[in-house]
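To keep things clear, I will list the structure first and then write my remarks on it.
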Amino acid sequence: MENAHTKTVEEVLGYFGVNESTGLSLEQVKKLKERWGSNELPAEEGKTLLELVIEQFEDLLVRILLLAACISFVLAWFEEGEETITAFVEPFVILLILVANAIVGVWQERNAENAIEALKEYEPEMGKVYRQDRKSVQRIKAKDIVPGDIVEIAVGDKVPADIRLTSIKSTTLRVDQSILTGESVSVIKHTDPVPDPRAVNQDKKNMLFSGTNIAAGKAMGVVVATGVNTEIGKIRDEMVATEQERTPLQQKLDEFGEQLSKVISLICIAVWIINIGHFNDPVHGGSWIRGAIYYFKIAVALAVAAIPEGLPAVITTCLALGTRRMAKKNAIVRSLPSVETLGCTSVICSDKTGTLTTNQMSVCRMFILDKVEGDTCSLNEFTITGSTYAPIGEVHKDDKPVKCHQYDGLVELATICALCNDSALDYNEAKGVYKKFGEATETALTCLVEKMNVFDTELKGLSKIERANACNSVIKQLMKKEFTLEFSRDRKSMSVYCTPNKPSRTSMSKMFVKGAPEGVIDRCTHIRVGSTKVPMTPGVKQKVMSVIREWGSGSDTLRCLALATHDNPLRREEMNLEDSANFIKYETNLTFVGCVGMLDPPRIEVASSVKLCRQAGIRVIMITGDNKGTAVAICRRIGIFGQDEDVTSKAFTGREFDELSPSAQRDACLNARCFARVEPSHKSKIVEFLQSFDEITAMTGDGVNDAPALKKSEIGIAMGSGTAVAKTASEMVLADDNFSTIVAAVEEGRAIYNNMKQFIRYLISSNVGEVVCIFLTAALGFPEALIPVQLLWVNLVTDGLPATALGFNPPDLDIMNKPPRNPKEPLISGWLFFRYLAIGCYVGAATVGAAAWWFIAADGGPRVSFYQLSHFLQCKDDNPDFEGVDCAIFESPYPMTMALSVLVTIEMCNALNSLSENQSLLRMPPWENIWLVGSICLSMSLHFLILYVEPLPLIFQITPLNLTQWLMVLKISLPVILMDETLKFVARNYLEPAILE
């Protein structure tokens, strides 16, 4: 039923053709069940294990590697001679890499539990309904409830469907609907129509929503929506429709993969075509097909060389290390790629309650009457320090601490706060914090009593558990609470009837009242001044109300409560406590004692974090279900708005936002910094508009209602105290619910990206070198300098360790003084591309040169001519060009060993070059990153391992080197440092002075 909240009870019952006392007939139930289906959320069809595995192979680079492995396997199958076993090593290693990669990918996907499934935990198992087949209420499975059913709910129940209340069977009905609205204070419900068809869920006071909890009271209602038609069902549909965006890093790596695959394909084809003339060379036995296959193998080796196989593992390791560092700062990252996305966050949309504020109501101001003369009066105003539930704070008057027992009015005010109250403070030993037990508003009053200590109770030596309610206990020993007149909407107040624990002639029964100021003060005939009471005159009333209005609408927008007493109440037996309509009669002729103003105060550290965001070019937007006045006041206190800043077109309510045209809504999202009284759908819409401006949005949330927006935004941030649905829909969970933790995580994300750029460039320059090496050997007609199994070893192990260590580079000092980077900015641009191409060409040329040196110039080498080396495939005994040359020398492992050793050593030098993008090694020495030094030592040790420990040399087709050969390796390798230092010097001084580190 649409807009059931706007209809009267009779209209709703008439729509379903149902009687409140008897319920639906079985025939009606059957028809309605057929029409609307079961009252449950459909289960989400998850991906099968096979689908998840296949997904891991959709990446282009992975497919190229898979193809290379398959081709290598086929070629190895037909291999003859000694190389039969070693030929299988390459496809086996490639497949091993791909399998490991797929396992990690599948595990991560399985680990990200389905947020849609988590919604089901809010579905109650049973419900209580009235139906015509039974005279009394019956318990049935909640999934069998249909629209039109008459449902009974009571305290502790979970609401089984969306229900329009028809009658309330208790004084009040309080509902905790925080999972849907995000607001922690329970809501008082009624049965009157709410005429506004566009009312937000918070304002539909005559509706109960599926999955919410009854905090107090008992009521009956008619079901108006079930299953996916409920509010929680709409959230589920929105989540199903929300596609997960790929992170900027994933998009970059996808683009890089596509470009690389095109380059690889071109080079492979080019190498094959260049050598068509050699297909018939004698070494291939004159067989054109065998020659074609030989060069096809070289093309496959090229593909293996060009792909940085170690990159996925290094990126995963770097992100995992980043998540550990973030966890220490209370940011628990659930999705690894999002660590890097945090670095380019340009907008943070934050909840107010609990994130920007403490979510711990505290009284910060109060007043009592000082003097009254006719229509004029003066007040004693006090401020209270301390912004949490900890019973630690002072009462100040004119900025100086005061002793509360010196003021009779404060003693009485504390007595009302302690007795007209059902809450308590509770010390949580495990977490070492004070928590509320009961309503937030009442806990604030309990905490105030502890800070006031009106009877000067000795508090030293008490444990924290004893300290929690020490001062309240003293007051409760003096008077005993007999009964409570519950809060009701008509009088907007509640009261308690108390009798003295030690009766005497002077002490008598009293009623203590607290409630909304306008309601309570209208029923006050007198006013307390010190220990006397004087009549309340219109002038005094006006003065008191003007102060209360000022507190409620000023810079703090405090929530005010008036406190009063009834000095001569009726006796209990004279009251009718069954009918709450009579309560207002018993709460008249009151004496006004004072007023307290409370708020959910901003966290102390938030203002500095908001300032840091401004420096870093990040816009902070507050999004809250609270009213606009309170939201703007908090924004001013924490620096989102200036103290006197005009908030027109910068702060909107959900209603105001809906009334704008789509283009005006888009403009609003470009400038706004505060959205109040919003619904979940607004959050998703705001994220969409921000994304249309290419903003990278971090969105916080804790309720079920926030899940679609958390899923839609680039970075969904759930609260540690939030619902399971919010957590599973998010990329990150704040263990401490603190806004400042988000800012610390953004800083970490920026540092991680900078380090990632360094190691990605490092790995790519290595791959460029390998490609140049293989291309040169093929183009010059030299014997193979590097084979695929060696390239895999270098790409995975030797390069992988220093690349991982580059993830430990210290962050720049000015990292949060720069604007967010453009997510579309390429990983490697212009000058840097030239730099890494130049270095790569040197790496390739040096590797080929090292192999050629052994053939042409080495003392222990064959000393063949350049012509003989470049035409080695024509070598045979009857060829005069190769007279005196043993053709087997061209298959010696020495040139390969020289090439591999030069490649490894140059890469270690290159790792040192990557310590900083533009800073010289003289300014930033290697020991700035001790992990890098350690990883270089480990990589070289592993290289010695495969050189000198059997049977590894056989697998890698290499052989140990002597000292002369090692000295030549160093002579060829070390110039790469000088070369990069020169390029850095040019960059620093001529090309990119703005990037000076």
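Heads up, the Cβ atoms here are built off N, Cα and C, so glycines get one too.
The membrane topology recorded in Swiss-Prot places Thr341 on the side opposite to Gln957. Ca(2+) 2 is bound by Asn767, Glu770, Thr798, Asp799 in Swiss-Prot, and the record lists one more residue there from Glu656, Glu659, Glu907, Glu917, which is Glu907. Swiss-Prot annotates Thr353, Glu442, Arg489, Lys514, Arg559, Thr624, Gly625, Asp626, Arg677, Lys683 as ATP-binding residues; of Asn330, Asn469, Asn582, Asn705, the candidate listed for that same site is Asn705. In the record from Swiss-Prot, residues Asp351, Thr353 bind Mg(2+); the candidate from Asp667, Asp694, Asp702 listed for the same site is Asp702. The shortest Cα-Cα distance between Glu770 (Ca(2+) 2 binding site) and any of the recorded positions Tyr294, Gly625, Asp702, Cys887 is the one to Tyr294. Helix, strand and coil residue tallies for the region 'Interaction with HAX1' (575-594), in that order: 7 helix, 5 strand, 8 coil [DSSP]. Other residues of the chain with a Cβ within 8 Å of the Cβ centroid of Asn767, Glu770, Thr798, Asp799, Glu907, the Ca(2+) 2 site, are Pro308, Leu763, Ser766, Gly769, Leu791, Val794, Asn795, Leu903, Val904.
Taking the C-alpha atom of Tyr294 (3'-nitrotyrosine) as reference, the shortest distance to any of the recorded positions Asp351, Asn705, Cys875, Glu907 belongs to Cys875.
Of the candidate recorded positions, Asp351, Thr798, Cys887, the one lying closest to Asn705 (ATP binding site) when CA atoms are compared is Asp351. The CA atom of Arg559 (ATP binding site) is located 65 Å away from the CA atom of Asn767 (Ca(2+) 2 binding site).
Residue pair Gly625 (ATP binding site) / Asp702 (Mg(2+) binding site) shows a Cα separation of 12 Å. Here the candidates are the binding-site residues Asp351, Thr353, Arg489, Arg677, and by Cα distance the one nearest Asn795 (Ca(2+) 1 binding site) turns out to be Asp351. Asp799 (Ca(2+) 1 binding site) has a Cβ environment of 30 other Cβ atoms inside 10 Å.
Site extent for ATP: among the recorded binding residues Thr353, Glu442, Arg489, Lys514, Arg559, Thr624, Gly625, Asp626, Arg677, Lys683, Asn705, the largest C-alpha separation is 36 Å. Asp351 (Mg(2+) binding site) sits 12 Å from Arg677 (ATP binding site), taking the CA atoms of both as reference points.
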